[in-house]
Amino acid sequence: MLRDLFVKKKKYAAIPSEQVRKDVPDGVMTKCPKCKKIMYTKELLKNLKVCVNCGYHHPMNAWERLDSILDEGSFREYDKEMVSLNPLEFPGYEEKLESDRKKTELNEAVVTGEGTIDDMLVVVAVMDSRFRMGSMGSVVGEKIARAVEKAYDLQVPFIIFTASGGARMQEGILSLMQMAKTSVALKKHSNAGGLFISVMTHPTTGGVSASFASLGDYNLAEPGALIGFAGRRVIEQTVREKLPEDFQTAEFLLEHGQLDAVVHRDDMRESLRKILEVHQGGEMAVWQS
């Protein structure tokens with residue numbers, strides 16, 4: 001009828017067909033979990049995995065992190081073949097380890113080695129949260145302790161990038177022992193005048209935050225990183241108080257004196273270079289036997 005021409009029609013959202021969705025290959029687009037903007041993955045990678053819209057720092061894997069801070073081609077890996085066993089015979093643990101090895105092409109949740117930043121030699125460790133959520137087991141602790149000892153032997157600074165859910169429950173007390181072992185190694189390095197820079201990324205929690213991650217001569221963090229020991233809900237239930245919205249964020253810790261700086265990923269390499277340059281030939285570089 002003619003009358004129907006003037007009736008306001010309902011608007012419906014166009015739903016892409018299954019064929020249209022299939023035409024976009026996996027991995028081409030990435031959705032930011034903070035601002036929900038969808039962007040080309042290639043664009044995100046070019047921007048060091050920082051959202052171009054809101055500045056959210058997406059997680060980096062170990063190799064991406066190393067590429068972003070070290071001189072090209074300078075990295076030499078340590079202890080690549082070390083793998084975790086199942087000393088407590090925890091059900092399903094070996095299968096989970098093997099699954100993560102295939103998924104990440106890593107043998108463990110940390111990559112250690114040496115490289116240069118603007119031709120200054122450093123020993124570096126980078127935790128990778130894709131492997132068992134970056135949890136600290138006996139091999140993770142051993143690799144970090146060995147890396148610190150190598151920095152001590154070479155008389156060069158040690159830098160670590162942390163990203164971890166804490167101690168690995170499948171290894172029980174063997175996991176908790178790594179808190180003491182890594183701390184003792186760092187104390188020896190410090191007593192000899194060695195420089196240690198800790199960079200906490202999202203998330204750095206549990207036994208990792210309560211040990212080596214917080215022991216740096218410089219404690220840095222990326223914007224928005226979650227840093228803390230116990231979870232927010234556990235703390236609120238214990239103290240029976242509502243915690244601030246920004247509690248356990250890098251910015252909150254900086255405001256309360258627990259960090260030296262919050263450094264944007266774009267500025268991380270330059271910030272590390274400046275710190276290393278300050279300590280070249282300075283008091284921290286005077287090694288003691």
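Just so it is clear, glycine is given a Cβ too, placed from its N, Cα and C backbone atoms.
Annotation source Swiss-Prot lists Zn(2+) binding site at C32, C35, C51, C54, citing sequence analysis. Positions annotated as domain 'CoA carboxyltransferase N-terminal' by Swiss-Prot: 28-289. The zinc finger annotation in Swiss-Prot covers 32-54.
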Report, as numbers and ranges, which residues of the same chain sit near the zinc finger (32-54): CB under 8 Å and 6 or more residues beyond its ends. 60, 64, 68, 264-266
Across the binding-site residues (C35, C51), the Cβ with the fewest other Cβ atoms inside 10 Å is that of C35
Counting other CB atoms within 10 A of each CB, which of the binding-site residues C32, C54 comes out lowest? C54
Work out, from DSSP, the number of helix, strand and coil residues along the zinc finger (32-54). 6 helix, 4 strand, 13 coil
Hey, for the Zn(2+) site built from C32, C35, C51, C54, who else sits with CB inside 8 A of the CB center? P33, K34, K36, K37, V52, N53, G55, Y56
